[in-house]
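Asks: As listed in TrEMBL for this protein:
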BINDING   30-37, 147-150, ILE176, 184-187  ATP binding site
ACT_SITE  HIS37  active site, proton donor
BINDING   GLN61, GLN153  (R)-pantoate binding site
BINDING   GLN61  beta-alanine binding site
Amino acid sequence: MKVVTTIKEVRENVKQWKKEGQTVGFVPTMGYLHEGHGSLITKARENNDKVVVSIFVNPMQFGPTEDLDSYPRDLEKDSKYCESLGVDLIFHPEPSEMYHDDFSSYVDMSVLTEELCGLSRPVHFRGVCTVVNKLFNIVQPDRAYFGEKDAQQLAIIKHMVQDLNMDIEVVGCPIIREEDGLAKSSRNTYLSPEERKAALVLSQTINLAKQLIADGEKDADVLVAKMKENIEKEPLAKIDYVKAVNGLTMQQQKEIKAPMLIAMAVYIGKTRLIDNTILH
Ligand code: PAF
């Protein structure tokens, strides 16, 4: 496995592979890898000849008061993990390699980015779309892998690929959870032991939603109200949003019917966590 820091080195490797007729699977990450990322890498490994993982904490997708500086980083541990999963190349650029001083081109999507996380993180999806677009141009993958935990991000990337005629298959992979149900996230490391327990309210509320739907609930407003009521019982939790939206357009929907995304962002102390379930 190679670890490279420049765009030139990625291009040289990928060019050679393509010349040999090999397919390339790509997993973009911000590092501090966990089993959620591992499941994306494993899927990429199964379905492609070569696997590239990018590790880049993208400054453009963080707001001024967000956790860019404290975002956890551990390249050595990430490299070992990638190697154990059969990754061929890690791309780990410095911000200056990705964004030159005179950088001024952005990918700015409307509609889908204006709901859910886009409301509380106004610059976030512009940063995500711009960096993913750049990474796609650099790596030129056949397939790219994203987790369903960031369901809005996944829908946005699929839409961007379609809108901009990119010849890349975007593959979504299921949420990976801890044994007690908490969705795996690099940000879980911010939680104190007490907050870690309180954070279970997210997955428990997702399970409640699934149960209510299985029991025949059809009204999205009723579902959301019951979910909020459940979260509010946890003193350390503060709701950012709980919403039931169309899974493709991210627009609110009255009736519970597929494709639907039932998603939430909840602060546990200072840590903002997300979780969801998708009705396919
Ligand atoms: O999901 C993430 O980790 C990031 O948003 C991504 C896709 C790597 C872009 O920086």
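Cβ from N, Cα, C; glycine included.
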Asks: Take the Cβ of GLN153 ((R)-pantoate binding site) and count every other Cβ within 10 Å, whichever protein chain it belongs to.
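Replies: So the Cβ neighbour count for GLN153 ((R)-pantoate binding site) comes to 23.
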Asks: Near ligand 1, meaning Cβ under 6 Å from any of its atoms: which of the binding-site residues MET30, LEU33, GLY36, GLU148, SER186 fit that description?
Replies: MET30
Asks: So of all those recorded positions, HIS37, GLN61, GLN153, which one's Cα sits nearest to ILE176 (ATP binding site)?
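Replies: Closest candidate to ILE176 (ATP binding site), judged by Cα separation, is HIS37.
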Asks: Measuring Cα to Cα, how far is GLN61 ((R)-pantoate binding site) from GLY36 (ATP binding site) in Å?
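Replies: It is 20 Å, counting Cα to Cα.
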Asks: What count of other C-beta atoms do you get within 10 angstroms of the C-beta of GLN61 ((R)-pantoate binding site), across all chains shown?
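Replies: Neighbour count, Cβ to Cβ under the 10 Å cut-off: 21.
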Asks: Could you check what DSSP calls LEU33 (ATP binding site) once collapsed to helix, strand or coil?
Replies: coil
